[in-house]
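A.B. asks: Quick one: this structure, given as structure tokens, is what I'll be asking you about.
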Amino acid sequence: MEIVRAKDYGELSRKAANILASQIILKPESVLGLATGSSPIGLYERLVEMYRNGDLDFSKIKTANLDEYVGLDPENDQSYKYFMNINLFSKVNIDLNNVNIPDGTNKDAETECDRYETAIESLGGIDLQLLGIGNNGHIGFNEPADHFPARTHIVDLTESTIEANKRFFADVSLVPRQAYTMGIGTIMKAKKIVMVANGEKKAPIIKEAFLGKITPQVPASILQLHPDFTLVADEAALSMIQ
Ligand code: F6R
């Protein structure tokens, strides 16, 4: 495991964007596994900037996102598809036919999860998977559990996640109750994994996940076993492991 230190969120975003940019430059037809959430927003901004400066070409890039809410239309501004369009896809020359996100409108979980796992396999697997980390150690929507789920699957959101998400919706009844997520096995099969983490709120879980024991109760701890895992974090997030 490599740790790339940054003094603040701006530097973290630049450093992480440089890692993704070198992947794109060295292998223009790369398969990128992408994440939503607040952590990668700055990194996506930097990638868009590099594209606008003529330094990056996304025309052959393929992507597969980690997760999506079940039941949300892609036009819903809380869907992860919408997030990706706003923050990256609509701003670079990516071919939208090369973009993969679990289809939250497909209510048939078994079919959708099999379709998604097969789609990733037929891309030849993921070259570089980008991750954030939840305060409880979740990656994707793989919450603390008694085992590491292998494949793409459906999860019931915890009450605390529903509670945390309700501020984005007009009414709590509109908050999705379920999500599709890549499994831990899907994530671990990526050739390279890059995690971005910032802020002091992430410091305790960064310590537990990467200095503690490997356990499905802290899903991110499995990354200790990945042969090419890089954590890009700011000083605040690293403050408990200096
Ligand atoms: C997002 C995802 C989540 C987030 C995590 C951290 O696609 O899968 O696991 O990476 O919840 O979220 P932020 O970055 O908002 O702290």
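We count from 1, first residue shown onward.
Each Cβ is built from the backbone N, Cα and C atoms, and glycine gets one as well.
Take a look at what TrEMBL says about it:
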DOMAIN    16-224  domain 'Glucosamine/galactosamine-6-phosphate isomerase'
ACT_SITE  Asp67  active site, proton acceptor
ACT_SITE  Asn136  active site, for ring-opening step
ACT_SITE  His138  active site, proton acceptor
ACT_SITE  Glu143  active site, for ring-opening step
A.B. asks: For Glu143 (active site, for ring-opening step) and Asn136 (active site, for ring-opening step), what Cα-Cα distance in Å is obtained after rounding to a whole number?
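C.D. replies: Answer for this pair: 8 Å between alpha carbons.
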A.B. asks: For the domain 'Glucosamine/galactosamine-6-phosphate isomerase' (16-224), what is the mean per-residue pLDDT, to the nearest integer?
C.D. replies: 96
A.B. asks: How big is the gap, in Å, between the Cα of His138 (active site, proton acceptor) and that of Asp67 (active site, proton acceptor), rounded to a whole number?
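C.D. replies: Distance (Cα to Cα, whole Å): 12 Å.
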A.B. asks: Same chain only, sequence gap of 6 or more: which residues have a CB within under 8 Å of the CB of Asn136 (active site, for ring-opening step)?
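C.D. replies: Looking at Cβ-Cβ distances below 8 Å from Asn136 (active site, for ring-opening step), excluding near sequence neighbours, one finds Glu143, Pro144, Ile205, Val218.
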A.B. asks: Once near-sequence residues are set aside, which residues in the chain of Asp67 (active site, proton acceptor), 6 or more away, have Cβ atoms under 8 Å from its Cβ?
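C.D. replies: Listed in sequence order: Thr36, Tyr80, Pro102, Gly140, Phe141, Ala179, Tyr180, Thr181, Met182.
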A.B. asks: As a check: which entries in Asp67, Asn136, Glu143, the active-site residues, place their Cβ less than 6 Å from an atom of ligand 1?
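C.D. replies: Cβ under 6 Å from ligand 1: Asp67.
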A.B. asks: Per DSSP, His138 (active site, proton acceptor) is which: helix, strand or coil?
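C.D. replies: Going by the DSSP assignment, His138 (active site, proton acceptor) belongs to neither helix nor strand, so it counts as coil.
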